[in-house]
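Student: Shown below is the structure under consideration.
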Amino acid sequence: MEQAILRINNISSQLTGKCPFKAHGGGAGKCPYKLGGGQILDQSKAWSLVNVTANVDQVTPIKVLVTGAAGQIAYSLMFMIASGQMFGPHQPVILHLLDIPKMADALKGVVMELQDCSYPLLQSVVATTDIQTAFLHINVAILVGAFPRGPGMQRKDLLKVNVSIFKEQGEALNKYASRGVKVLVVGNPANTNALTALMKASDLPTSNFSALTRLDQNRAQSMISEKVGTNVDNVHNVIIWGNHSQTQVPDVNHGYILNYPNRGLIEPIPSSVNDDKWLNEQFIPLVQNRGATVIAARKLSSAASAANAIVGHVRDWLLGTKDGEHVSMAVYSDGSYNVPKGLIFSFPVTCHNGQWTIVQGLKINSSTQQKIDATIKELQEEKETAMSFLN
């Protein structure tokens, strides 16, 4: 196991010396991204619509759509958005909340609670069951609502129902939303639902669409922090490759831990854990099956943790990732890492000015590649099934 420890420069918060990862090509000059610090609330990194300064007198509010708005995830999410956790403490928002007609009364209750919180950043709430009203001029769309898989339901039947839902929402994005709208799909199967919406929003850039794998990344980083015995905030750059499903590929080979084993030091995750058997035989299945484990324990799917992941995904996308860090987002493949073009696939990305860029040049070992091939196969099969219904 390669040992590599660097000391942090306390003045600049940047790391000195060579990159510790052989998989990054060796020295600092070849590393595909810098290791180091950086601040999230930096106007030079933020999307043009987001205000991160203290002057909010004439700031235009961001219109944020949340679908499935009367559901559990949305209930946790919208209070986080309204309180400034997604766009920062200086950016006002207008919430557009959409749900199906039978949830209209519950939606009214959610609106009352939002009003009762008296959030300074929440300018207004548009709660509706009408898709045109919901999607009109929105800047950010968080598509949480989807048809859940019931007992005995075949995956192709689930895809058929959700293709219908996300076809309609893709068409609504194309027709009513702002041309620069940023779209995050959460409802499962998220990758293929995102692809369906993207294909029906043909006037919008493919780079405006993404699906959520941040929850998987957060789960993985939490497990690593617990295994090593450090704060989760010290664990960085764990990658989730592929589908948001049980074929997802958690990859720690490019991750590092700050202030480990002592303050002021940094060490790669594999040598910090120092247990290849655990990483390969226990850690990966634990991450892959965490959602099912939560359901088994609480008889409900993840809600608060999903909302937290949504906030982190959008915040990093629109405010920018920190220097030396990448995050996992399922985005439209451009062929990187031999992933076929035309899939929504989770990659490591960095974000700047509201645009994501896939991190290039990472070496992938044979074991990880085999798992990536399996998740590619699953996504191709999902796409083929979804397209048969779409067409």
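Every residue gets a Cβ built from N, Cα and C, even glycine.
Residues annotated as active site, proton acceptor in Swiss-Prot, with similarity to another entry given as evidence: His244. If you look up Swiss-Prot, you'll see Gly68, Ala69, Ala70, Gly71, Gln72, Ile73, Ala74, Asn162, Gln169, Val186, Gly187, Asn188 marked as NAD(+) binding site, on the strength of similarity to another entry. Annotation comment: Swiss-Prot describes Arg149, Arg155, Asn188, Arg219 as substrate binding site.
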Student: Listed recorded positions are Gly68, Ala70, Gln72, Ala74, Gln169, His244; which of them have CA atoms within 10 A of the CA of Asn188 (substrate binding site)?
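Tutor: Passing the 10 Å Cα cut: His244.
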Student: State, in Å as a whole number, the widest CA to CA span among the NAD(+)-binding residues Gly68, Ala69, Ala70, Gly71, Gln72, Ile73, Ala74, Asn162, Gln169, Val186, Gly187, Asn188 given in the record.
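Tutor: In whole numbers, the farthest two Cα atoms are 20 Å apart.
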Student: Test of understanding: give the count of other CB atoms lying within 10 angstroms of the CB of Arg219 (substrate binding site).
Tutor: 23
Student: Report, in whole Å, the straight Cα-to-Cα distance of Gly187 (NAD(+) binding site) from His244 (active site, proton acceptor).
Tutor: 10
Student: For a quick check of understanding: given the listed substrate-binding residues Arg149, Arg155, Asn188, Arg219, what is the maximum Cα-Cα distance in angstrom, as an integer?
Tutor: 25
Student: For Arg155 (substrate binding site) and Ala74 (NAD(+) binding site), what Cα-Cα distance in Å is obtained after rounding to a whole number?
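Tutor: Rounded to a whole number, the Cα-Cα distance is 24 Å.
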Student: For the recorded positions listed here (Arg155, His244), which one has the lowest count of neighbouring CB atoms within 10 Å of its own CB?
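Tutor: Candidates: the recorded positions Arg155, His244. Fewest Cβ atoms within 10 Å: Arg155.
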Student: Could you state the whole-number distance in Å separating the C-alpha atoms of Arg149 (substrate binding site) and Ala74 (NAD(+) binding site)?
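Tutor: That separation, Cα to Cα, works out to 18 Å.
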